[in-house]
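Take a look at the structure below.
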Amino acid sequence: MNAASETGSTNIMSKALREAAFAGAIAFGMFLLFVGIETYQDIDNRLVWRTRWGLLAIFVIIAAVGRFVTVGFIRPHIDRRKLAKAKSGVLEISEEKGFFHRHFLKIALIALLIYPPMSVMLFGPQGSLKYVDNFGIQILIYVMLAWGLNIVVGLAGLLDLGYVAFYAVGAYSYALLSSYFGLSFWVLLPLAGILAAMWGVILGFPVLRLRGDYLAIVTLAFGEIIRLVLLNWTDVTKGTFGISGIAKASVFGIWSFNVGAPDYFPKALGLATSSAWYKIFLFYVILALCMLTAYVTIRLRRMPIGRAWEALREDEIACRSLGINTVTTKLTAFATGAMFGGFAGSFFATRQGFVSPESFVFLESAVILAIVVLGGMGSLTGIAIAAVVMVGGTELLREMEFLKLIFGPDFTPELYRMLLFGLAMIIVMLFKPRGFVGSRQPTAFLKQRKAVSGSFTKEGHG
Amino acid sequence: MDYFIQQLINGLTLGSIYGLVAIGYTMVYGIIGMINFAHGDIFMLGGFAALIVFLILTSFFAGIPVALLLLLMLVVGMLMTGLWNWTIERMAYRPLRGSFRLAPLITAIGMSIVLSNFIQVTQGPRNKPIPQLVSDVYHIGAITVSLKQILIVVITGILLAAFWYIVNKTPLGRAQRATEQDRKMAALLGVDVDRTISVTFVMGAALAAVAGSMYLMYYGVASFNDGFIPGVKAFTAAVLGGIGSLPGAVLGGLLIGLIESLWSAYFTIAYKDVATFAILAFVLIFKPTGILGRPEVEKV
């Protein structure tokens, strides 16, 4: 018995060594040109090269050691755990959830509501800017966009790779209409939503017959068309220069946030002049918009239209056979999703005070889609968690000044932001292909409401 | 008329490059049904590999013949991207095979972000210009044809012929077609499905590397974010031709190249991509599975 396990472990070790050598060789081949050689321009602006063997060695060693540890230690450990679990014959089902788990949503909402005052108390008005604006508002915008896209992808099962187009439509409708006609944020917010929804229908019509990847490429193309038009229609949109000096939102038209104006809002409350108050106000605005999105999604799922969306996702042919009008079902899904994208867009414009086509590249669509899928399509909580992890995580990287102490003063963590974002996307998908939240709450049920595994819901053909 | 033929030649050159990249998309799609979003960045990697090989060779052997130089650039680029795509498939796509459809799409998008940022971090964000390799130009009447263009079209033609032969006449090609039609049945009949899929990725990457090297030769500049736009265009070409169909990919590539150059010549250059995408949407409205695509059979 002992001898057998010993030969087993030596076998594993020799296998791990072999695999490590192989991984090292592969890594050497892969990184030889791209890491081992550095190309740069010299003083005469000519392209020259130099070697970086040390860095290449580090890459190869990381690959080999990583492989060795995975094959030699991590994998046997996982296998042993699985075996032990199978032997014990007990399925892990805990019916009783903890207090935190049961009241998660209430706790999260309260935490969000007290977040800005807390950060002002802890860091002062100026210090709170970073936390409220860079983390709070930034994450909430992505939460809202991802929840909006979730209606199209998660509920109706239509793969949309050009969602950022509606975000752009919302942002530019606010930017243009407020700078040309001087309309206020509260008039333009619903208008931007309506315009975006209209564009959703315009996109929806040609793609009604398309399925799967044909749909994906046309939505991608649509997103690019919108961006290219914004980029090239310089008479109206000023092209790459973008539109700057976009009006700030007011407190429902009663007070404004323009410093020096007689109706300056912080003055009415007797507060010091600071841009932090405006950001805190915006934080609550986007929080309210997010809540609206969540509320509408939850309510719609229980209404005939929401059920039709989910039926469409599960089986389009059965759906049609049962007399559901797939045309209106698809169009409403596109329009509703687009509307929330438009809201988020006009909010984005008023928050930045500046919009340019640069903000609406395909990468944004990909990031939003990634958040939806990483969170678990259809699960609002999961999507919110994914947005916090992915967007918050990359924002956090901007703050990592201490890394300069380790890697030297030339080290810029920002450069690695998207690299790590991409790696995180891959790693999360590999370990949790169904997303962070693996369970779904069906709205139609017999006798008792129950969560089901995400693998029981389909992802649609569109 | 001369002007038109001139634009036709330019479009054909560009279309050949798109066609080569599109084949990689369409083969991967045909065999495992996923959009390999990282393929455009594999194309970019191929260009960079060729660029680095060019720099090393010209600094060691100053008088190296251009033909040999080009050949080495192509071969090293093909090996390099083949290795990369093999590893990518192994690490990011294979574990998710049989998982739900969007999971590999997300890892592919993630991989695309990783690849372009990896090159940005390791090679720097600036454009990398190289001197012109082939500068001969021929004049036929009022039409100008450069040797570069002839080379691109000829190399594309040779590769397509070789490729057609591999897919249609060799055991490997038979295994690929069998895997494409029914993966489970192919496995039951003794086809090593995993190996076939790996080979498909390597082949697609090799073609992308050729396209990348020729893109570098044609425009004389490489940049880390060169992968996205040609990648999307090639993908558009694959869909336009009918995704999963090899002749369709080439046809789509040529069409996209022609649309682009003719639109730039006769209308505004700014809206050439808009025209490309609009024509794609328009074609798909009337032929939802592309020009040469087989209609999808709906099973209940």
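A Cβ is built for glycine as well, from the same backbone N, Cα and C atoms used for every other residue.
Listed features, source TrEMBL:
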type	residues	note
TRANSMEM	B:12-35	transmembrane segment
TRANSMEM	B:42-62	transmembrane segment
TRANSMEM	B:68-88	transmembrane segment
TRANSMEM	B:100-119	transmembrane segment
TRANSMEM	B:139-167	transmembrane segment
TRANSMEM	B:197-218	transmembrane segment
TRANSMEM	B:238-259	transmembrane segment
TRANSMEM	B:266-286	transmembrane segment
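The transmembrane segment (B:68-88) shares the most Cβ pairs under 8 Å with B:197-218, out of the stretches B:12-35, B:197-218, B:238-259, B:266-286. Segment contact is absent for the transmembrane segment (B:12-35) and the transmembrane segment (B:266-286), given fewer than three CB pairs below 8 angstroms at sequence separation of 6 or more. Counting residues 6+ beyond its ends, the transmembrane segment (B:238-259) has Cβ neighbours under 8 Å at 8, 11-23, 25-27, 29-30, 160, 163-164, 167, 180, 272, 275-276, 279-280, 283-284, 289-294 in the same chain. Long-range neighbours of the transmembrane segment (B:139-167) within the same chain, counting only residues 6 or more positions beyond its ends whose Cβ lies under 8 Å from a Cβ of the stretch, are 2, 5-6, 9-10, 12-13, 16-17, 19-20, 23, 70, 74, 133, 173, 176-177, 203, 207, 210, 214, 217-218, 246, 250.
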